[in-house]
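First the structure, in the form of structure tokens, and then the observations on it.
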Amino acid sequence: MKILVTGANGQVGWELARSLAVLGQVVPLARDEADLGRPETLARIVEDAKPDVVVNAAAYTAVDAAESDGAAAKVVNGEAVGVLAAATKRVGGLFVHYSTDYVFDGTKSSPYIETDPTCPVNAYGASKLLGELAVAETGGDWLTFRTTWVFAARGKNFLRTMLRLAKEREEMKIVADQFGAPTWARSIADGTAHALATAMRERAAGAFTSGVYHMTSAGQTSWHGFADAIVASWRAVPGAAPLAVSRIVPIPTSAYPVPARRPANSVLSNEALKERFGIELPDWRYAVGLCVRDLLSQ
């Protein structure tokens, strides 16, 4: 099986190169090889490679920048995704895509399920919803996995930012009234590999159905709780460099103004993923501990 992975240098893409290798030949494509900012170049790449699977891990992820650069976000997260999905259909392949909790408005009091109405509250979320719709409209075989609060030992993410600040500051003020499930990029990649193995068996048996599924860590917390766990995990590792921070202060969203509005509730239900694919991602606290150790080992 030949698997094309776009966004191969990103947090999830980097992990996919490892997790998908057990399923077949992985062809990782970095941005300079498959630039979603240039949708007109993408169909040729897929059609020339003729993969069995295309996994799109590339995205425009600058949430605040998207408020003033919405056109670029729509091209990368919307138009380009549709081009990739359509090209994958033409070569008879399966298209796998990632989306976000930000397609919801965050007003629900319980975890979101896949069929809840979408209502993005920022430009980034709107662009990701465009991508979801573009994939579905191709009529091909596809899977879209929505995830939340992605972190990794590499790249730009909340975990790495918190550790940098914790080394520099005695006090950090972190938002405590937004809730979600911090999800390790490695967990997403491993979950994708398991789901893909099942999906390919279903396709071979003529029993495959396309759909959207939520794929996040077990459990939930606030950004403040996430930051607290990151610092605690670092300090729990023998020999880890000392951190300057002594106080992590909870603050409301209103005390940390940013260009893009964030959903208050980003918790997604993973029950549909478990039911179809038998997948349960580890608890977010456990994943944070493993990721911190991974970072320290580099």
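For all residues, glycine too, the Cβ spot is worked out from N, Cα and C.
TYR98 is the residue from TYR98, TYR213 that Swiss-Prot records in the NADPH site together with GLN11, VAL12, ASP35, LEU36, ALA59, TYR60, THR61, TYR124, LYS128. For the dTDP-beta-L-rhamnose site, Swiss-Prot lists THR100, ASP101; matching the candidates TRP142, TRP149 against that entry yields TRP149. Of all Cα pairs drawn from THR100, ASP101, TRP149, which the record names as binding dTDP-beta-L-rhamnose, the longest spans 9 Å.
Annotation for LEU36 (NADH binding site): spatial neighbours THR6, GLY7, LEU42, ALA58, ALA59, TYR60, VAL75, VAL76, ALA80, VAL81, LEU84, criterion Cβ-Cβ under 8 Å with sequence separation of six or more.
A Cα-Cα distance of 11 Å separates ASP101 (dTDP-beta-L-rhamnose binding site) from TYR124 (active site, proton donor/acceptor).
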